[in-house]
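Peer 1: One structure, as structure tokens, below. Some questions next.
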Amino acid sequence: MRVLVLGSGVIGTASAYYLARQGFEVTVVDRQPAVAMETSFANAGQISPGYASPWAAPGVPLKAIKWLLERHAPLAIKLTGDVDQYLWMAQMLRNCTASRYAVNKERMVRLSEYSRDCLDELRAETGINYENRSLGTTQLFRTQAQVDAAAKDIAVLEQSGVPYELLDRDGIARVEPALAGVKDILAGALRLPNDQTGDCQLFTTKLADMALKLGVEFRFGQDIQRLDFAGDRINGVWIDGKLETADRYVLALGSYSPQMLKPLGIKAPVYPLKGYSLTVPITNSDMAPTSTILDETYKVAITRFDNRIRVGGMAEIAGFDLSLNPRRRETLEMIVNDLYPRGGDLSQASFWTGLRPATPDGTPIVGATAFRNLFLNTGHGTLGWTMACGSGRLLADLIARKKPQISAEGLDISRYGNSREVAKHGQSAPAHQQ
């Protein structure tokens, strides 16, 4: 059975790999010249199931208003006039209740924990190396109010059986020695010892190499134009003016997925959250982080690779704008100077931005659609790296009609009450603009 995977980020590549392991004939198509060239290229590098939480949370609407007035705020909104932007924000606001937050977080943690287990198994089986570390994540609190507010997240961690450790200032210096000199600006921390780190682009590149050995074909530099369909089946995909056919189709196009799906009558509430990162060469290993640090105040992650520090964060709701905002670089540099002033050379840092495909409830869209041979793997937001292996393996099991190792409840697009709004006769979805 032939499967055509659209998109070669970490999600599409993981989908292809796990499909090939189940014996499918897999072809991956992407407009870029190699895998992991867009959202997966320079993300924060953290694999943090315990911190899998939706942005839509109680109190966020009021925080968002406050953040809009701050220079170094973690969230910014630039209204584009796009109706989809307004609808997405309205849906997000509806998910900012305690009950919805609990449901959404459970789904995210369920998939994230499974994904971490899949990654551990993959690493044990193959020895894949991607500058990975398994030394946990430490969430830094600069105020006592932040420490107190963490009680709600700790309750969810306990319910999910996720190990954690509350740290005072001395405890912070114990797990992250380079912070000893600045511990007085901190009020405490929450550490998740089972979290991991690694270079997502490097991982995706090596996973693609392993997929090639399993027979997966990668076709780069090709324009995915539109889906051709009739009734409840996809007939093929128009790629560079030619109709490509397969038995099953997987859409893993990140923020661009809705543009392909809308003409089919599928409303996928996935919207780009623009994020930024700095990659800083390490000049003093003893003054650099040991693993991943999360700065709760600025919602920024600082991750240690072999000889580099990756600093990533922020969310701009600004459509598909990929311009680099110098103010965001200023914020990232400020945080590095706050916490690791002697760790790396900021003058040699590379500045990057990418579009995270986010759903309004935080949970990705993984699973079947109203079309019998079309499957989705998109909408992972800031957790694409954390959820990649689990999402790919889960989807491969669903396509193979095998019982997944975790419940897939609440993960597919049916949770949004989607119904097709197209005619029954054959149509083609028009080309999506990228």
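Counting starts with 1 at the first residue shown.
Cβ coordinates come from backbone N, Cα and C, glycine included.
So Swiss-Prot lists the following for this protein:
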BINDING   3-17  FAD binding site
Peer 1: Taking every protein chain shown into account, which of the binding-site residues Gly7, Gly9 has the largest tally of Cβ atoms within 10 Å of its Cβ?
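Peer 2: Buried the deepest by this measure is Gly9.
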Peer 1: State the three-class DSSP label for Gly9 (FAD binding site), counting H, G and I as helix, E and B as strand, and everything else as coil.
Peer 2: coil
Peer 1: For Val3 (FAD binding site), name the DSSP secondary structure in the helix/strand/coil scheme.
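Peer 2: It is in a strand.
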Peer 1: Tell me, how many other CB atoms lie within 10 A of the CB of Ser15 (FAD binding site), whichever protein chain they belong to?
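Peer 2: Neighbour count, Cβ to Cβ under the 10 Å cut-off: 33.
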Peer 1: Among the binding-site residues Val3, Val5, Ile11, whose Cβ has the fewest other Cβ atoms within 10 Å?
Peer 2: Val3
Peer 1: Tyr17 (FAD binding site) has how many other Cβ neighbours within 10 Å of its own Cβ?
Peer 2: 26
Peer 1: Can you tell me how many other Cβ atoms are located within 10 Å of the Cβ belonging to Thr13 (FAD binding site)?
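Peer 2: For Thr13 (FAD binding site), the count of other Cβ atoms within 10 Å is 30.
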